[in-house]
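Working notes, beginning with the structure itself.
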Amino acid sequence: MRFFALFIYRPVATILIAAAITLCGILGFRLLPVAPLPQVDFPVIMVSASLPGASPETMASSVATPLERSLGRIAGVNEMTSSSSLGSTRIILEFNFDRDINGAARDVQAAINAAQSLLPGGMPSRPTYRKANPSDAPIMILTLTSESWSQGKLYDFASTQLAQTIAQIDGVGDVDVGGSSLPAVRVGLNPQALFNQGVSLDEVREAIDSANVRRPQGAIEDSVHRWQIQTNDELKTAAEYQPLIIHYNNGAAVRLGDVASVTDSVQDVRNAGMTNAKPAILLMIRKLPEANIIQTVDGIRAKLPELRAMIPAAIDLQIAQDRSPTIRASLQEVEETLAISVALVILVVFLFLRSGRATLIPAVAVPVSLIGTFAAMYLCGFSLNNLSLMALTIATGFVVDDAIVVLENIARHLEARMKPLQAALQGTREVGFTVISMSLSLVAVFLPLLLMGGLPGRLLREFAVTLSVAIGISLVVSLTLTPMMCGWMLKSSKPRTQPRKRGVGRLLVALQQGYGTSLKWVLNHTRLVGVVFLGTVALNIWLYIAIPKTFFPEQDTGVLMGGIQADQSISFQAMRGKLQDFMKIIRDDPAVNNVTGFTGGSRVNSGMMFITLKPRGERKETAQQVIDRLRVKLAKEPGAKLFLMAVQDIRVGGRQANASYQYTLLSDSLPALREWEPKIRKALSALPQLADVNSDQQDNGAEMNLIYDRDTMSRLGIDVQAANSLLNNAFGQRQISTIYQPMNQYKVVMEVDPRYSQDISALEKMFVINRDGKAIPLSYFAQWRPANAPLSVNHQGLSAASTIAFNLPTGTSLSQATEAIDRTMTQLGVPSTVRGSFSGTAQVFQQTMNSQLILIVAAIATVYIVLGILYESYVHPLTILSTLPSAGVGALLALELFNAPFSLIALIGIMLLIGIVKKNAIMMVDFALEAQRSGGLTPEQAIFQACLLRFRPIMMTTLAALFGALPLVLSGGDGSELRQPLGITIVGGLVMSQLLTLYTTPVVYLFFDRLRLRFSRKNSKPVVEI
């Protein structure tokens, strides 16, 4: 009583406290960063290593395996995967959430150093690492085009100057430059000219390497001067290499230009990048795992004027893709939804109270509670994101509830002609416990979420804390500011003797009278109501089992990623043509704004595309509808497939897959994996629940197997090392020397001129110089036959792995897809040597599915404990919790009606309903218990009177919560796919709960009261006279 009086009788202090809360909130709002979702990125580090010319199997066994054994010892590694292709190995390390990325990077570097002695000696450089997830979509793509500069020169400028500058911006984790490679001097050998001159490829290589050296020469000095010695020991251009003498034949000099074409070109000619229809260099920028995407993009944009100033006029720099506009638009939509929710809630209060002064009180309490929450969000290190702002939108209906309960009770005393200050004090005292019970039990719902681990727990933590803080501030405001404003602003008035004169009052009275009549009938037919109650419990169970489920709603971010997978024997020239064809088909779609892509590198038969769609206001279709339309057109392209998927704000795992979800096969036996993977992939492709089924196992590439005749080689004076060196020199794009320049280092690359290596007959032109100096054709000691070979070798841990990726057809949920895959694996009878499991997002979905029921039960149990402590009763909490089944039925039926799967967002809605719908029961039970204690009423009379007296605040609070959530259901535009499931769940649950709990709660109250009396009679002992 004294606590409430302290604020009611000191209005200045109370107002200043509320103003302080508001000002802190405004300051926090201005300082809060902006993000699409809470920070949920796993720390990921990518290790790269190269050995030009090495086969995928060689890379896997000699490079990947030693590194994996060393990296696998690092603490906190959640998953380690590797992919080895021609001349390249990439290892992805995904760490636990709590692992610091910088500490992990130090451990990775130490592990690389420890494995260095086990790696092949011919590697051009040590393995390197990057603190970025290669499977993440770039946050920004910049393109460089030029009419006069070559692609190699553009690439050099991009990688040497632009990429280095951008990488220094806060938040940038990796700048991947694609579309070409660094400039190089390429030496294209003529096998016939070499044979005629008797010059071996090794001799050419050694001559070039010896002629281009960079060594210190020292200095000369006397007593006065010092002269540094400088020589022309370096060759920098193709023109300088052409006259190089590599051999003497009968006293005549054989120059490099006599046996080879020497050109200024690039290190790897098998690379191509495009933007729309132009050749381009792409700078694909990815953020650090812990970085904020908006702040990083803003930092890059702020740097762009400086970058453009340093770019020559012949180069055009453009932003091809930027993830931030749709994120900003989505957050703006949420902010507008929040404003609409506040307005609707205040409108509901006004319609019920029919007083401007009375409405002003909750109209002040709501913004104070919501704005004050921003200060706590800032102190907790949160961000303004879709989930935290949705929490505030939903909180609108909650925070007004507390003010309504206090205000409505004070207004009742004022109608009884009590003085305003006395009415404020008395009314607040009467419902203070009720308000505290409602708020604490609502906050208790979110305690299990705070203890939930993994990605779902990290994702939901900001939502739970934000909503809990808003409710906590609302509780303080409703018990301090609200009664103070009531006491000083409202006046005593006569009871409304003729409320029918006003429309809302007339409707409310009619509803109350109708409710009273129907409630009497229900209390006389309690068994029927009991059957209905049990039916809702059973229906809950059936609906939860039957409803389709998914992890997270599919987002329309306005960005698509595409992975091209062509025939495994395709040439680079043909693959470049496929890229151009696919880009033209996509560019012609009316919903597409921009398209960029690249192909080449270590995987000739694959490519990547990034598509930016027009803003939502300029296109009618969703991203998924655009994909469905393009899928039909793209299927007509022979010899290659393009798999499209919408970029999501949540991407789990480090695998670069051509679809959104993955199923990984593991085996310690590579032959068993290669035998069963095609069978499993074929069976999964036939499932109607899956689309775009593809695999990263590519073991049907064309290979030419050379079989050495070792006896013949020994007789001819040739060893295997010389033969292998011949092949590497001829066909491996071998980097044989380094050209040092002030800004970068460039390579001299040697191979047989492409004119002489167009088919297998090129092998017949190869020869080795034996120990006697004679040219021995390769065909003298080797035979060759075509065979199949892997284009890549993949590992997970230290096991051979193959990942089958898939998308979901429109109308199919992730739960339906995973169930279909599990059934198929059982039907196929896959042996125990091959193990299958979901990975990435699908894996997290299964883990979440296993914990959902536990989470819901834990929330109910927590609420029961809190209510039990507050009421000092085992029974009354059960009465209050009896409101939950009807809310669950309403929520699940609403999701079914809107064809929305049960996702993590819908789970949040269920958790919220646990907190919302019990408020009705709390108000009923509190007044019934008080009526029994002080009024001497029977339980039947007490609960009946409580239902009628609390009918108006129950209707007000429920409608306030319902209208607070309604904008989420009706919202469109960017990010609506996240907001709608939450709104649908809450609105459906509230409607059904309101219809049923007004009748089931009094029946359950009476049931437990009779049960209590029965047990008390059984346990009572007769008085024994002594």
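Sequential numbering from 1, following the chain as shown.
In case you wondered, yes, glycine gets a Cβ from its N, Cα and C as well.
Going by Swiss-Prot, these are the annotated features:
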| type | residues | note |
| --- | --- | --- |
| TOPO_DOM | 1-6 | topological domain 'Cytoplasmic' |
| TOPO_DOM | 30-335 | topological domain 'Periplasmic' |
| TOPO_DOM | 354-359 | topological domain 'Cytoplasmic' |
| TOPO_DOM | 380-388 | topological domain 'Periplasmic' |
| TOPO_DOM | 412-430 | topological domain 'Cytoplasmic' |
| TOPO_DOM | 454-467 | topological domain 'Periplasmic' |
| TOPO_DOM | 491-852 | topological domain 'Cytoplasmic' |
| TOPO_DOM | 876-894 | topological domain 'Periplasmic' |
| TOPO_DOM | 918-947 | topological domain 'Cytoplasmic' |
| TOPO_DOM | 971-984 | topological domain 'Periplasmic' |
| TOPO_DOM | 1008-1026 | topological domain 'Cytoplasmic' |
| TRANSMEM | 7-29 | transmembrane segment |
| TRANSMEM | 336-353 | transmembrane segment |
| TRANSMEM | 360-379 | transmembrane segment |
| TRANSMEM | 389-411 | transmembrane segment |
| TRANSMEM | 431-453 | transmembrane segment |
| TRANSMEM | 468-490 | transmembrane segment |
| TRANSMEM | 853-875 | transmembrane segment |
| TRANSMEM | 895-917 | transmembrane segment |
| TRANSMEM | 948-970 | transmembrane segment |
| TRANSMEM | 985-1007 | transmembrane segment |
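Of the candidate ranges 431-453, 853-875, 985-1007, 985-1007 contributes the most Cβ pairs within a distance under 8 Å of the transmembrane segment (895-917). If you look at the transmembrane segment (468-490) against the transmembrane segment (336-353), you find fewer than three C-beta pairs under 8 angstroms, all six or more positions apart, and that falls short of contact.
Highest Cβ pair count under 8 Å relative to the transmembrane segment (336-353), across stretches 7-29, 431-453, 948-970: 948-970. Among the listed stretches 360-379, 389-411, 431-453, 853-875, the one sharing the most Cβ pairs under 8 Å with the transmembrane segment (7-29) is 360-379.
Between the transmembrane segment (389-411) and the transmembrane segment (853-875), fewer than three CB pairs separated by 6 or more residues in sequence fall under 8 Å, so the two stretches do not touch. Nonlocal intrachain contacts for the transmembrane segment (360-379), taken as residues 6+ away from its ends with a CB within less than 8 angstroms of a stretch CB, comprise 18, 21-22, 24-29, 31-32, 338, 342, 345-346, 349, 388, 392, 395-396, 399-400, 402-404, 407, 462, 465-466, 469-470, 473-474, 477-478, 481-482, 485-486, 489. Same-chain residues lying 6 or more positions outside the transmembrane segment (431-453) and placing a CB less than 8 Å from one of its CB atoms are 4, 398, 401-402, 405-406, 409, 460-461, 463-465, 467-468, 471-472, 474-475, 478-479, 851, 855, 858-859, 862-863, 865-867, 870-871, 880, 911-912, 914-916, 918-919, 922-923, 926.
With a cut-off of 8 Å between Cβ atoms, the residues of this chain six or more beyond the topological domain 'Periplasmic' (454-467) that come close are 37-40, 42, 97, 373, 376-377, 380, 382-383, 385, 387-388, 390-392, 394-395, 398, 446, 650, 652, 844, 847-848, 851, 904, 908, 912.
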